[in-house]
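Colleague: Can you read through this structure? Questions will come right after.
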């Protein structure tokens, strides 16, 4: 790579100001709409049963192709692509529904009930179900996040990718800025599963939790060192103001787990993870605002040779904001990864109070236990029948306490989507603090924006599942439920979700190879799209192959 082209590459990703939030919303809503079309084809036509070559090609186009085209060719008119997805959806709805044969055998409980005499007093066996079931909408959400992340890290090197979608220099909103925070949020979401298992099996020791976190972070540290060596050794183009001279995203990911494990004894007593995220963001923002020249130091000061902190200040300071986002994702996962209980109570009575955001909200809204009646009150005589009793007021006329205490995924996600949206608008509002979004510093406005976006995306995917697959978690036993989950999950999304971090690493390697092999900035749109399609197809092929042979690469 000659010096002239290197300077041109650096200029293409430098001093960018991003674009509008609503444009980003139009682009990212493509994924839920594509998932809705996939669900229509599956439920009304049985298109992906059996999973044939045409079904695989359609799955790839809907989930990988739609995202790729939304961020490139249709970047200026995502509404047109939305229309192209909704038209087939309308056509599928107008077509008569294809009746499919029962794909799963009768469960043991169903067989037992059919063979049981009607007048038998023998107790019905308890359904054998996983307390932490796999939920298709979470799989789809994480798969879409991985696809758009892997697509963008290469597409940004081509001119077909709008510059307003690339990472901003210091302030502003962009698609790739949102992708970085969403990656951290999703990491926190899945980090809740081991914690829930630990709560179910018994609270682990502090030393054991920290040791496990360090062991899981070691591969990420190694990847960060390998990336650092390859960038420096191959003289690869790098944007130093993104994280610093030596720091990179892998180091940020590696630190999140151990820091969370070290602070777990304190986090255990926190009333709500969402509250903690907002508190961390506010304290961090106050430090940035009230510390003289701190923002200038992070953004404008020179990088002093030999001063490691000065050279990597963006990565070090932004870690605070990313940690807050990680905590928000973990708090969300601690609720939605559990099995839903329609009665409003979790089936697991040993739940941890630290993640009960809804209990904290119920206290704020004035919920109280009105069932305690003193003995004196019990002895009081009832009023004379001639005196009509006063109609007692309903303790929750607006349903706010029920919303706060509900463990239904849709209610929980809708509740926190509204909360994060209100806080986000308040933070950026002209009559509020009027804060600016900064991925470089991971400011409070950035934290709230990322949290609001991800809970909204989760809610949209959840609503698609709830409408199209309402019985996915109402199986009588684990084999029946697993088959329903399989039928409600795109194989492409499942494959990307299963080995997400490994595919992210492969995407980085392929991006480097392509950039060292061809001059991406000098390519036309047709050539660029051909390379990007081949690149995404390669990632998808690797993901499907690993899933087909039941290979999970744990990094």
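Along the chain as shown, the residues are counted starting at 1.
Using the three backbone atoms N, Cα and C, a Cβ is placed for every residue, glycine included.
Summarising the annotation, TrEMBL assigns transmembrane segment to 20-41, 53-74, 143-161, 173-192, 213-231, 243-263, 270-290, 412-432, 444-464, 501-522, 528-546. Positions annotated as region 'Disordered' by TrEMBL: 104-126, 369-394. Feature annotation from TrEMBL assigns compositional bias 'Basic and acidic residues' to 107-126, 369-382.
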Colleague: Taking the transmembrane segment (270-290) as reference, which of 173-192, 243-263, 444-464, 501-522 has the most Cβ pairs under 8 angstroms?
Modeller: 444-464
Colleague: Among 243-263, 412-432, 444-464, point out the range having the most Cβ pairs under 8 angstroms from the transmembrane segment (173-192).
Modeller: 444-464
Colleague: Per the 3+ Cβ pairs under 8 Å rule, pairs at least 6 apart in sequence, do the transmembrane segment (53-74) and the transmembrane segment (528-546) touch?
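Modeller: When sequence-distant Cβ pairs are counted, the transmembrane segment (528-546) touches the transmembrane segment (53-74), since at least 3 lie under 8 Å.
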Colleague: As a test: from 143-161, 444-464, 501-522, pick the stretch that has the greatest number of Cβ pairs under 8 Å with the transmembrane segment (213-231).
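Modeller: Answer is 501-522, with the largest number of Cβ pairs below 8 Å.
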Colleague: Report, as numbers and ranges, which residues of the same chain sit near the transmembrane segment (20-41): CB under 8 Å and 6 or more residues beyond its ends.
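Modeller: Sequence-remote neighbours of the transmembrane segment (20-41) are 47-48, 58-59, 62-63, 66-67, 70-71, 75, 78-79, 81-82, 85-86, 88-89, 92-93, 140, 144, 147-148, 164-165, 173-175, 178, 449, 453, 457, 460-461, 464-465, 468-469, 488, 490, 493.
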Colleague: The transmembrane segment (444-464) and the transmembrane segment (528-546): do they have three or more Cβ pairs under 8 Å, with pairs 6 or more apart in sequence?
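Modeller: Answer no, regions not in contact.
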